[in-house]
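Feature annotations, courtesy of TrEMBL:
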DOMAIN    20-111  domain 'Ig-like'
DOMAIN    115-208  domain 'Ig-like'
DOMAIN    222-310  domain 'Ig-like'
DOMAIN    315-392  domain 'Ig-like'
DOMAIN    436-478  domain 'Ig-like'
DOMAIN    492-587  domain 'Fibronectin type-III'
DOMAIN    592-685  domain 'Fibronectin type-III'
DOMAIN    690-792  domain 'Fibronectin type-III'
DOMAIN    793-892  domain 'Fibronectin type-III'
REGION    574-594  region 'Disordered'
REGION    959-1005  region 'Disordered'
TRANSMEM  902-923  transmembrane segment
């Protein structure tokens, strides 16, 4: 990266002898990032003769050519620092000088920065132990490094610590807990610091937080964890982002709000972030200066902090020294005017050598040897700026620098540009062609009705040197038009002059320009002033079109110019030439500040703010304000203070007493008019007394009325804002143990002594307090008053379900309501048929005792859909119903056998046995010597199994499986004993059935004696 100089150099061709000019150099800060291979320290310059380069480091001569570790370039001031591990010794401030025989130019200082690798110090942190509800601060203290710095709080598993209204990270990187809760306990709070420019992230050792439980959380008003104290001062540079932060501790968690003192609202660019704790204003300017306040509050009070914000500026040229080409014998004045906040110091140099000059330099240029480079350098704590001004003194005849016999291509009807570059001292006079005249907005074709008016427009551009010789002519069909009226906007007024100067009053007069056949309706007078908004023209006044002069009333101490333009029915004409300047004399202010506001954000303070006079209303230099105040009615003398800002803080005032205030403007010329006196109160404090005679009238089980006696005005310590009622539930009257439930607070504005509170829970014991409040916050609470609400109807029954569904009965179970709202006296069950027809069955009701949570409901119809409703009841009535729908099972499913585990297991076992037998039969069938069941029956006609063909496993029909009379041989020629596949004819299935309880009690009846038969090898089996 490098900086290139803007064109403040003279436009002198390099063929002509001239001073050196630096054209490029490294930026003011050059950071040696560890991942870069090298770092060029740039310095380039032009001049004739060609310049020679030299460097200084930390104000002493430095020759990069003498250090073999550095890389230098020919015909250049640039040298390169390689990244070879020894960068630290090159750290410092460098400056480049370019010199030839005419003078020396120099660059701004270039700081070469070698960053250290940031590291957290090795440390052992003890666990932080706090009681529940207390505040906690985990300090990060990140190491220093190249900005920007990014901080993250995470766990060891790289999970971000969740932040909210209670937990937040500050601008300093610390992690703040406004009040700790049990879940904050953990052993791996880690702070990570990231430095993206050097691609580095470092981690601090993990921190441990142990939050101990407590039976009672003590509520408390807020206090600030950061910033500390009542006020702080913030200084930043114009264009930076303003960030103000307030993080408070307290219980309940405080809320934070922001105001800018003296304004109805925050600046439009202000953004409140981080759950209200951070105020950001991007790209600040002078308007963002002033006094800001954060207020952290909860029901028990508030705390405030004031920020005094000052916006400063780095040095900036108001008048930058300009390079000049002058002839021998002429005088030269070089001016250097800078602004900044704080005011910059200015140092002059000539050819790099210091000069003892303050604002400007005057040179008598007798010979070319007086040519030199002058430097003006301005510095304040926010930066440094440098300008080189080349003063060339020479007499040289004109040199035409454009080549001869250049050829140009041009398009017919289009413009052409021909170059003629000339250099001379003094400047030459060039003779060239004037700009062509052309019509830029020609008339358009129109279609109109006969008898109507038409308007043609013709706008042309022409060379201003033609002046009054320019004219627009109209023709119709080649013939000049006569008797037609042409309209246009008025020409600029001429000969605009001011006269009759009488301090702040002048007379402005002018000659109207041509109105182009449309009468001028009015003239508009504009002004421009050179001090506050130079170059900006603003309307001063308007006069009728038949007036050609006006008496102007002006502000004092303003350098004015005026111009006038005319308006007719066509539109606004061009403005006239500006008049010569007229500076009105300074005078005392004409007015005093307006919109005075008195705010008392803290006791014993009174903050006075007002709308300042605009710069043009100052009427002279040295504007100040005299703030005067005194207590009303006790004969005090006025206390007076002179201030330059538009706010003043009166301290050590009594709390909330009436003051008289007045503000008067003053400048070096004198005082403004006598100011008006306004009255206002000093700062408020919290009310010091609580309402008395607090009484509660319970209206029903969810509503009560509260009455109280007013707090005396002497105890309010401010303007009464109203009253607040805080109430909390102690217990349900069904429960003897008291707890502190969530606190609810209602606000009632103004002077009142009663209020109605709704939304209570029936059959409960509550406690409440009443407190007065003002703009400072809440006063003390009254003595707590306890009261009880009567019974109400209960809530819904919990966990209602319908189970054990059978043919004619179901089982219903439930739990009591979460909100019983009284003593439960029983339940009501209702049910009805809701089969998919338009008609529904009658609604049946059943009363159930209060101590029941289960019911077996019988005598239902099989395979029918029912809807069941259950309500809980107290003495006040029954609550809402919960409902369930179920369908009873059909006859075959009466006992629910299919849902029994043992039955499912049995069926799986039978299926597995069946599969095994089928596989065995299939294998036997494919062996040699197999035979059918029918053949086996024929071999044993006397067996008692008449029905065996109906139910025997592996049954094969005669048609499908009957073998040939001669059985097939096996592959080895014989069948060994035991290899035959007997048919399973031993078991019958008569009398098998299931009992009511689902057990399988049938026996394998009709078992027959097993007949074995050995088949010898090579024998044949016969039917």
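Note: Cβ is positioned from N, Cα and C throughout, glycine not excepted.
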Original post:
If you count Cβ pairs under 8 Å, which stretch among 20-111, 115-208, 690-792, 793-892 touches the domain 'Ig-like' (315-392) the most?
Top reply: 20-111
Original post:
DSSP helix, strand and coil counts for the domain 'Ig-like' (222-310)?
Top reply: 3 helix, 54 strand, 32 coil
**OP:** Please work out the mean pLDDT for the residues of the domain 'Fibronectin type-III' (793-892).
**Re:** 91
Original post:
In the domain 'Fibronectin type-III' (793-892), how many residues does DSSP call helix, how many strand, and how many coil?
Top reply: 2 helix, 47 strand, 51 coil
Original post:
When DSSP states are grouped into helix, strand and coil, how many residues of the domain 'Ig-like' (115-208) land in each?
Top reply: 6 helix, 35 strand, 53 coil
**OP:** Take the domain 'Ig-like' (315-392) and count its residues per DSSP category (helix H/G/I, strand E/B, coil), listing them in that order.
**Re:** 3 helix, 51 strand, 24 coil
